[in-house]
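K.L.:
Pasting the relevant annotations from TrEMBL:
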TRANSMEM  12-40  transmembrane segment
TRANSMEM  52-73  transmembrane segment
TRANSMEM  80-98  transmembrane segment
TRANSMEM  104-125  transmembrane segment
TRANSMEM  137-156  transmembrane segment
TRANSMEM  162-183  transmembrane segment
TRANSMEM  303-319  transmembrane segment
TRANSMEM  339-358  transmembrane segment
TRANSMEM  370-390  transmembrane segment
TRANSMEM  396-417  transmembrane segment
TRANSMEM  429-452  transmembrane segment
TRANSMEM  464-484  transmembrane segment
Amino acid sequence: MVFRKPPDGGWGWVIVVVSFFTQFLCYGSPLAVGVLYLEWLDAFGEGKGKTAWVGSLANGIGLLASPVCSICVSSFGARPVAIFSGFMVAGGLMMSSFAPNIYFLYVSYGIVVGLGCGLLYTATVTITCQYFDKHRGLALGLISTGSSVGLFIYAALQRELIELYGLDGCLLIVGALSLNILACGSLMRPLESSNSPPPEKTCVDKVPDQYFVYHEKEKTVEENISILEKGYIDEKCVNNVPDCKQDSILNKSVLSSININEKDTYKKKVVEQTNLCKQLAKRKWQLYLTYWKETMVLFKNKVFSALFVAILLFDIGGFPPSLLMEDVARSANISEDDYYMPLISIIGIMTTVGKLILGILADFKWVNTLYLYVTTLLMTGVALFAIPFAKSYLTLAMLSGILGFLTGNWSIFPYVTTKTVGIEKLTHAYGILMFFAGLGNSLGPPIVGWFYDWTQEYDTAFYFSGFCVLLGGFLLLLAALPCWNACTNQSSKLPPNTYSYKVASNA
């Protein structure tokens, strides 16, 4: 498939709008799952650690499966994947309303909804990049705010729906709203060139066609022989019965000799196809070896190794507040009358502000994006340490706003990765980092919940979270110091025939 030059406008702005609403509709409920988390605790009576797995899977499974999501979009296109994923998200949410236990939710909400969100994110990012070149940063920035706006609105919406219709009714209505993803997906018109000639087939693709042509020729000869044989036998049988029997015996011997030749031809084809399969397997094996060689080269870079540890620890410690902050307020005996706005909504709107402001700062030449990212990590660790001391709605709201703003550092993470490994290795490195980010998203909330189950208070849990984020920040700062520049700049070149995966991220 050959794409035209990105128009940087026109129908591309329609793509931006529908991609924004797609992320809004698919990520709204999973990111605001903290509201549902309280209801699931009361409904199933399970521990906080076990219940937290539902939300953590929904947010982490899309990152963990990002290579699979990219392959699906590359193979089938953004529009079919978006429509299919819309059914997944809506179906998973509706199925969750009938969940008899927490284990059912692991599949319906955690895996089905989470995987659907991962596919939709990859589809929206891919189709947007196809339509934009000069204004690609602006377009991607606009669509990425859809998830943050969804978190802001869905936190209040789900709370209101639970009060009016209960938990089951809330999930059914939210699932019905997600069906609007189908309308958004149908507008994701692929950018294809209708006048461009089809690409030439490779040698590997041509071989099966030769086999099919050869097979058709053999079949044609076989049919002609059978037709002639049948007409000859019928004519003889009408005129003379004994001759008919003799000719039948003769024809059987002729056909047996033909069958022997066919067996020899078939054996030759089997040998040829076997050799072809061996060549394909050898080629794939070489590609996998090249991929792992590239990976080992990346990890020789000290800053990249520190960045991999930092993103893992950041998601283990920094993601739980967006899921558990409502339960933290309830554990602190804060009255619902004091609530002016759900804490998760505050996190959502401040994440949007953080993405925009930090993204603008990253564009200034005098700003070192790596040090800016380290600063956000250290400030996040300090804010997490302050959560156990917050005993009122006002202080929790302030900390939620600070944490939400700092979580907006997702917008500068691609800049940091590019600065660390270079643009030519960005796709490969970013895929590895996003996998470990998904692992951190999946493990963080359950670990904090287990701490609460063991100690019956959140203080130790958030001390642990703050320590994880601070540790990752200090390790990255140590690796980024100027004294390590000589080491990091001496990374060896990638092997020839670079083979890298295109992996999407979560924002």
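From the backbone N, Cα and C atoms, a Cβ is placed for every residue, glycine too.
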K.L.:
Answer yes if the transmembrane segment (12-40) and the transmembrane segment (396-417) have at least three CB pairs under 8 Å among residue pairs 6 or more apart in sequence, and no otherwise.
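P.N.:
Judged by the Cβ rule, the two regions do not touch, with the required three close pairs absent.
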K.L.:
Among 104-125, 137-156, 303-319, 370-390, 396-417, point out the range having the most Cβ pairs under 8 angstroms from the transmembrane segment (429-452).
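P.N.:
It is 303-319 that shares the most Cβ pairs under 8 Å with the transmembrane segment (429-452).
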K.L.:
Do any residues, 6 or more residues outside the transmembrane segment (137-156), come within under 8 Å Cβ-to-Cβ of it, and if so which ones?
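P.N.:
Distant Cβ neighbours of the transmembrane segment (137-156) are 12, 16, 19-29, 31-32, 34-35, 124-125, 128-129, 131, 174, 322, 341-342, 344-345, 347-349, 351-352, 355-356, 359, 410-411, 507.
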K.L.:
Sort out for me which stretch, of 80-98, 162-183, 303-319, 396-417, has the most Cβ pairs below 8 angstroms to the transmembrane segment (464-484).
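P.N.:
If we count Cβ pairs closer than 8 Å to the transmembrane segment (464-484), 303-319 scores highest.
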K.L.:
Mind checking which residues of the chain, 6+ beyond the ends of the transmembrane segment (104-125), have their Cβ under 8 Å from one of its Cβ atoms?
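P.N.:
Sequence-remote neighbours of the transmembrane segment (104-125) are 19, 22-23, 26-27, 29-30, 33, 40, 53-63, 65-66, 69-70, 72-73, 78-79, 81-82, 84-86, 88-89, 91-93, 95-96, 140, 143, 181, 185, 188, 504-507.
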K.L.:
Using a Cβ cut-off under 8 Å, which residues of the same chain at least 6 positions beyond either end of the transmembrane segment (303-319) come close to it?
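P.N.:
Cβ under 8 Å, 6 or more out: 56, 59, 370, 377, 380-381, 384, 403, 406-407, 413, 416-417, 420-421, 429, 432-433, 436-441, 443-445, 447, 464-469, 471-473, 475-476, 478-480, 484, 488.
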K.L.:
How about long-range neighbours of the transmembrane segment (162-183): same chain, 6 or more residues beyond its ends, C-beta under 8 Å?
P.N.:
21-22, 25-26, 28-29, 35-36, 39-40, 43, 82-83, 85-87, 89-94, 96-98, 120, 154
